[in-house]
2 protein chains.
Amino acid sequence: MSSATAAATSAPTANAANALKASKAPKKGKLQVSLKTPKGTKDWADSDMVIREAIFSTLSGLFKKHGGVTIDTPVFELREILAGKYGEDSKLIYNLEDQGGELCSLRYDLTVPFARYVAMNNIQSIKRYHIAKVYRRDQPAMTKGRMREFYQCDFDVAGTFESMVPDSECLSILVEGLTSLGIKDFKIKLNHRKILDGIFQIAGVKDEDVRKISSAVDKLDKSPWEAVKKEMTEEKGQSEETADKIGEYVKLNGSLKEIHAVLSADANITSNEKAKQGLDDIATLMKYTEAFDIDSFISFDLSLARGLDYYTGLIYEVVTSASAPPENASELKKKAKSAEDASEFVGVGSIAAGGRYDNLVNMFSEASGKKSTQIPCVGISFGVERIFSLIKQRINSSTTIKPTATQVFVMAFGGGKDWTGYLPERMKVTKQLWDAGIEAEYVYKAKANPRKQFDAAEKAGCHIAVILGKEEYLEGKLRVKRLGQEFADDDGELVSAADIVPIVQEKLSQIHEDGLNEVTRLIKGL
Amino acid sequence: MSSATAAATSAPTANAANALKASKAPKKGKLQVSLKTPKGTKDWADSDMVIREAIFSTLSGLFKKHGGVTIDTPVFELREILAGKYGEDSKLIYNLEDQGGELCSLRYDLTVPFARYVAMNNIQSIKRYHIAKVYRRDQPAMTKGRMREFYQCDFDVAGTFESMVPDSECLSILVEGLTSLGIKDFKIKLNHRKILDGIFQIAGVKDEDVRKISSAVDKLDKSPWEAVKKEMTEEKGQSEETADKIGEYVKLNGSLKEIHAVLSADANITSNEKAKQGLDDIATLMKYTEAFDIDSFISFDLSLARGLDYYTGLIYEVVTSASAPPENASELKKKAKSAEDASEFVGVGSIAAGGRYDNLVNMFSEASGKKSTQIPCVGISFGVERIFSLIKQRINSSTTIKPTATQVFVMAFGGGKDWTGYLPERMKVTKQLWDAGIEAEYVYKAKANPRKQFDAAEKAGCHIAVILGKEEYLEGKLRVKRLGQEFADDDGELVSAADIVPIVQEKLSQIHEDGLNEVTRLIKGL
């Protein structure tokens, strides 16, 4: 007790309060620690980890299929590299403390580090993929996969190529990726920054107002037109007329073919240089999306604006039915005003997104004093945690996913006064299996009864038991037995200890001959 | 030019200096940016990335073979979680800036987050592996794989088990892991904290001085005994006699059997309770290292102390000939006094390390107000970047490692006025291959001559070309051709377009039938 408490003895009320404080305070001389991860972050383990790794392996396989090479950049960048790239979202960047030396920040996405890498190494063309964590000090919605630390899976193509060719491949990768993850009810919302810029010009928005009006339009997926119009006129200084003109266009959405036809018949659009460029791109794109047979997934949606500053051409975003917030979101939000977690009143949001950014690499080249070189880029990013939350919903909660890879459990059965438990002997046999590349375990006990060993084998999800019988082992024999309910009455077969590796290999290949494993089936939604 | 420059016109010298400054300064209105990664970090790409990924996959395969499950914890932890765990090295921890909310720091290793995870989730036993980046504000030596951001590959066993059983498995994993990475000339230096503590007691070191004397002893791999003795007596207040007594013991090293015999014959050791406990552990360990057949890799070395505070039992560290600094290190260090990078005057250091830490989980349980529960742990950590630097040295510089996985290149040959270049057609064929899981590319150009397409195929390291001939394609035919010098004169075969997928699959399976790929061979040192 501190002297402050002693001094308070004459004032019973204060004393009681102090006593209460003391009971909550850490014990004397002990450090009090909160056993938790920082806000918006979590530990991944068990079957969640297995599912997430399967998503990574599906996507990295996909990226490799398209000729991608992978790179890895540091988790933090010099602060100046990230400055001025993210518009209003820059406030969400995590900074490292100034402990002497350079000022650094955690990366906010993988795109800006990629552009820095391309500029720094004077790379003329590359298809790269990168699966890594990014950091945003946003309000988390953990069960919806919206976190402060989360993975992005990015594929980007840098280099000067035929118009819309890498763009259409990125769209095909989106479709291939999501389909291979068992997601079927998705829609790629697609727009073109130049068409949007043209519309703003047509409506009379000044050049310097374009970004802020663009960010207002971007809210149309969450807010009704009236609210967005109000933001444009009352907060962002546009005339009623300008807002209405924008409204006419941004309400348009449909297939590439439909909206292309509507815009092509609009003299305002075709006579606006920027809009016309964008429209020509769309016409080219349509040839390629048809070749890739992905038209049915695309919705040309003039309300899509995307917040980031660096996009210059095609932009796209993938949504599913789970993307939108619940209908009574604002009501739920009011109720949970001081909520640490926004899961209740937000949707999953977009599950993948991307676009073309032709100036970002050059921005770095010029700012660093290098020769100005235009390296156009286009890319996509899969939001793994959000996709994970969809797959989790789909997986039946009774499905058990085995987090270990263990195939074989090595046991010893015996008894009597001289029974040692054969621990070093079990180690020797297990080591032989390991050396042959076979996943194997044994219990970490000198003596264990058969029941305990079978339980451990079952817990590890093993298929085969290799048993050292007290007498059999001395005769150079091991017993090999299939595990599982249906083999309960099967005593297995006695084999020569010298042949144990090939015999186990043969049995395992029979067990796994059916091909696709359980996790792959689950991920693919089969 | 600023007004300061204008004011300086009367002073020509100052003016010249200003002009000089201006020429180095960023252009007006432009942001000046250094195109680099932060100190001690680097980008990974191309064949380096392929090698590093192969190391990861070798090690994660190994950990799975031993029944490990994987977890992923956040890159940053609450600062209080890391506090008081790393002794003198705590100053190397990176802090996140206080931007409101919790105070966080980047993880310094994977062990403390693991112990936090075990305590937080009341886990009674787990074998977990974790491959992830950790952060230390240390002086980097980039070419030696000593970096500020680097990967650790950890395997740890938590839970109450038979003495030395998980410990010996960790040692076996060290041997299996390094051997499978083609590293042969390594030595596991091994010691026991309790033996060391016993020796300090015998020599008359006070309990409160043990950690600092321990950290002096730990320098014996880099400094001669005289320097360490001086540190103990002059800086750390030990008597000449105490230091000499310690010196007698810490000079001992040899096989487990040899040193165990020496210590067992020493009445000071056997009558000291702590040392005796340690020695009994070593006797038990010897049974298991023999079963795993790894004795020849182990050197029982009483000078090994390891700096971290949390070890309580067995400790070990793997060194190779490249681990030690060059002989003239101190001379080189003087020359490069203000060096940003220490590569010239340091060695690779230890390439793997670990030990037993029986109190760390409980430290978290108690500090968080949970019921006190002892969850003993033991683990190992592979230093991937350091291992990488050894593998790089081994790999012949003329060896080319292909960074892409591309197998097939889809081309179109044609000409004449009406020649379109078959771009959408190439896309269609490529999409068929992708859908069948085959890695395929084509050039992103409407029309490309055969030479350019062959060059691109060669650059991607493709094995097969699928060729759309102008007329042949119209007849429903595709040409399939093997690529490479030895097939230069082979025109390939004309096949039905409908059969392209099975035909390509068949050819690829022939090509890859020899098993081990080039990278695996390189990694394994074959």
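In case you wondered, yes, glycine gets a Cβ from its N, Cα and C as well.
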From B:R136, B:R137, B:R146, the one annotated by TrEMBL with B:D109, B:L110, B:T111, B:Q152, B:D156, B:R306, B:Y310, B:Y311 for L-histidine: B:R136
Secondary-structure category, per DSSP, in which B:Q152 (L-histidine binding site) falls: strand
L-histidine binding residues B:D109, B:L110, B:T111, B:R136, B:Q152, B:D156, B:R306, B:Y310, B:Y311: largest Cα-Cα distance, in Å and rounded to whole number: 21
Residue, out of the binding-site residues B:T111, B:Q152, whose Cβ gathers the largest set of other Cβ atoms within 10 Å: B:T111
Cβ packing number for B:D109 (L-histidine binding site), 10 Å threshold: 19
Where B:T111 (L-histidine binding site) falls in three-state DSSP terms: helix
In the chain carrying B:Y311 (L-histidine binding site), residues 6 or more apart in sequence that have Cβ under 8 angstroms from it: B:R193, B:G355, B:R356, B:Y357
Set of same-chain residues at least 6 away whose C-beta sits under 8 angstroms from B:R306 (L-histidine binding site): B:D218, B:I315, B:E317, B:A353, B:G355
